[in-house]
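Feature list (source: TrEMBL):
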- 101-142: domain 'EGF-like' (DOMAIN)
- 145-185: domain 'EGF-like' (DOMAIN)
- 188-228: domain 'EGF-like' (DOMAIN)
- 231-272: domain 'EGF-like' (DOMAIN)
- 406-448: domain 'EGF-like' (DOMAIN)
- 451-486: domain 'EGF-like' (DOMAIN)
- 489-529: domain 'EGF-like' (DOMAIN)
- 532-573: domain 'EGF-like' (DOMAIN)
- 576-616: domain 'EGF-like' (DOMAIN)
- 619-658: domain 'EGF-like' (DOMAIN)
- 661-700: domain 'EGF-like' (DOMAIN)
- 746-784: domain 'EGF-like' (DOMAIN)
- 1-21: signal peptide (SIGNAL)
Amino acid sequence: MKQTMVLQLLLICSLCSLNDAMKASHSRSWGSGWVPLASEDEPIVTVFHTGLLSRDQDVDAFQRTAAQQGSTLNGTAHKKKKKECPPGYVLSESEECIPITCEVGIGDACASCRKQELRSADNQCATCNPGYWLNTETFTCSSFACEITADGRGCAGCQPLHLRTGDNHCSSCHAGFQLIGGACNPLPCIEGDGPSCKKCVPQSNRTAGGQCLSCNTGYQLTSDLQCKPLVCRTGGGAACKVCKALASTSADGQCSQCNLGYYLDSDTEKCTPWPCREGHGAGCKACKAQIDRTAIDQCQECNPGYQLHADGSCHPFKCTEVGLGHPCKACRKQADRRADNQCAECNVGFRLGPETFMCIPHRCNEGPGSACKSCASSKEATHDGECLECNAGYELMPDGSCRPYECTPNQADAGCKTCQLLASRRSDQQCASCNEGFALAADNVSCVAVDCTTGPGHQCRRCTSDRTQCDDCNRGYYLTIDRACRAFECHPSPASGCKTCRAQEHRTAKGQCSACNEGYFLDDDFFCKPWPCKMSGAGAACKVCRPLADRTGPNQCQECNAGHLLSEDLTCIPFSCSTGAGNACNRCRDLARLTSDDQCERCNFGYRLSSSFTCEPYQCSTGENSSCKTCKDQTSRGMDSQCSACNAGYELKDSMCRPYVCNSGAGAACKTCKPLALRTQDEECAECNPGFFLSNGTCKEFSCSVGQGALCQECLIQDARTAENQCMECNKGFYRNAKFQCIPYTCKADEGCSECVSQSLRTADGQCAECRPGYVKTLDNLCEPFTCLTGFGPGETGIAMDR
């Protein structure tokens, strides 16, 4: 510090003396080599502009030099001095100062020369031509050397000389190395956990950074040999409800838990929909909705003849055919059953329930009065209440019912005065006593005239010759064994079928009717007979007859057998079905399985069988809101929406247009997906997450290599990167610029520096290990020039200053 202050004072004083001397001595002639300051007899200091005061020299040295120069000048003031030339000039043989020459040219010639006053030899350069470097000691230009090696970090090819900026400036590198700033650096690859390589590609085989031979669990090797995390999407349907942990995943889309309606396949560990087949028989008529399935083939509805169990499976309704004494003689067809043990025909002793189709045993009650005294055998009964025997006073009717014998007292003539007790009667009109003029006949139940008389009604139409008995009866009456006239009886009732009886005088037999109850018709003999109805388990016969009371003709049906339709006249006619092209049947269903006209077993190509067994065309739509651009021909379709070409955003696979899927997420997933109409592949992104860049629609990470030199010491975290090789920390001798790149601190051995600080020790640009003469090294290793007074050119020595 002290030396610096003294030097500054000396310089200030010298400048002041110089100014005064120039004012006082403007008419003096100057010497050729020096300039006196003040008067000739005073001590002087001669300062040559070629002299430099080093900051390393002390003040004493400066003073000694000045004193020596003053002594020399005083002692030889009147002697002839040897001529001296200014810097950049040399003294010729003729003692003339001539400039040191320098020529510019190509090759190792100078591109530009040093300043004249700095030259110390011919052809000293300030700058060199491209491909050459400046030797800062000799100031000559030498070419940058470049050696081609067989492999490794050396050059595979050198830059042309005029393009080189340093030694071994490469134009190409060997396999496994990349060109960075003209140097061949190894393509980096990190082995480790997660997205790092499990094993890297050998150095000499790499064509890019981070190329892997194998990946860690949870990652897959892409076509460009990068380890990409296996993809797993969560969502509805076949997507995972919960994805499998990445560290244990071996393929895309592996799940640990599935959505409702899907199960985890033990082999692929992917969610697979529970399948369900719709079809005939035990197959589902309609499957459960996918979300409701918990097993294979779970049905929402079963085909006719099958019942739905709690587990969603369809099981046939059972029916057992056995012999007499058991209900069914013939079971209903499977497709017609709606419950177990539904019969088409019953064995004797059973009747078919009209709604349930169950064979029910005929009911019969035994008891007093009109009840049966004894019922018909269950194996022989043909209807309910069929009696084998009636109680006393009751008549067994043809339908098996018991009718009380009738008797009307207080009738005139041969009618009963009083009737037999009901329990004593064995037929109608059995009397206990007779009117006057009549007496009980031999049978003790009928009244006959004491004397034979003729007349209407019960009276004789004609008497015997002895006039004691009837020989013939009036119309409507018949002659008994006791030769008495008895009326042909008729008793209207639902059981007998008679609604009204024929007039007595017109009767020719018992039970003759003039009108019948519903369900009965009057035959030619005036008897009421039920309308017949034939039932059968198949064909055009009735499956179930119309109730008797509702019949108005023969064979009127309540229900028809399978394959038949109940017509307006209540008969069963078969359904029709024809085959043909288009939506007509390719093959009809069997008649027994038809439930309407034109029901198909199989359809033509391009058509499917509907739930109602008709043929519907496979649908396919085109347009902006459809996946199809063009549909397949109708006859070529095997399902709905089969396309021959797809709209933008869809790919054609097995004749189906599948949308290119894209899921946004973190990391290498898309930040935002391309609109569907613009996609040409799955997972095609419009924008990437921080730290990733878009390449052909996919997001790739900005890679970063750690290593020596211009490589990073520590990389910037992934999501902060905006380019390749962005660094958080740089190696020594390098600094991080605004783009997070590591840039070397530069240093050029030029007019200041004679030797640069080694790269790894630099902390700023231009740091020198050694400075050239005339320069001083600062605390931060920079070379700064000493201050220096300027001179006046050839032939003049300099300016002297007073001390």
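Glycine too: its Cβ is placed from the backbone N, Cα and C atoms.
Through the fold, the domain 'EGF-like' (489-529) approaches residues 397, 399, 401, 403, 406, 428, 474-476, 547-551 of its own chain, all at least 6 residues removed from its boundaries and within a Cβ separation under 8 Å. Same-chain residues lying 6+ beyond the ends of the domain 'EGF-like' (188-228) with a Cβ under 8 Å from its Cβ atoms: 151, 174-178, 245-252, 668, 700, 703, 705-707, 711. By the Cβ criterion (under 8 Å, sequence separation of 6 or more), the domain 'EGF-like' (661-700) is not in contact with the domain 'EGF-like' (101-142), since fewer than 3 such pairs are found. With a cut-off of 8 Å between Cβ atoms, the residues of this chain six or more beyond the domain 'EGF-like' (532-573) that come close are 330-333, 335-336, 344-345, 352, 354, 357, 517-519, 590-596.
When each of the listed stretches 231-272, 576-616, 746-784 is scored by C-beta pairs under 8 angstroms to the domain 'EGF-like' (101-142), 746-784 comes out highest.
Secondary structure of the domain 'EGF-like' (746-784) per DSSP, as helix, strand and coil residue counts: 3 helix, 13 strand, 23 coil.
Sequence-distant contacts of the domain 'EGF-like' (576-616) (same chain, at least 6 residues past either end, Cβ-Cβ under 8 Å): 285-286, 333, 335, 538, 561-563, 565, 633-639. Across the domain 'EGF-like' (188-228), the model assigns an average pLDDT of 90. Per-class residue totals from DSSP over the domain 'EGF-like' (489-529), listed helix then strand then coil: 3 helix, 13 strand, 25 coil.
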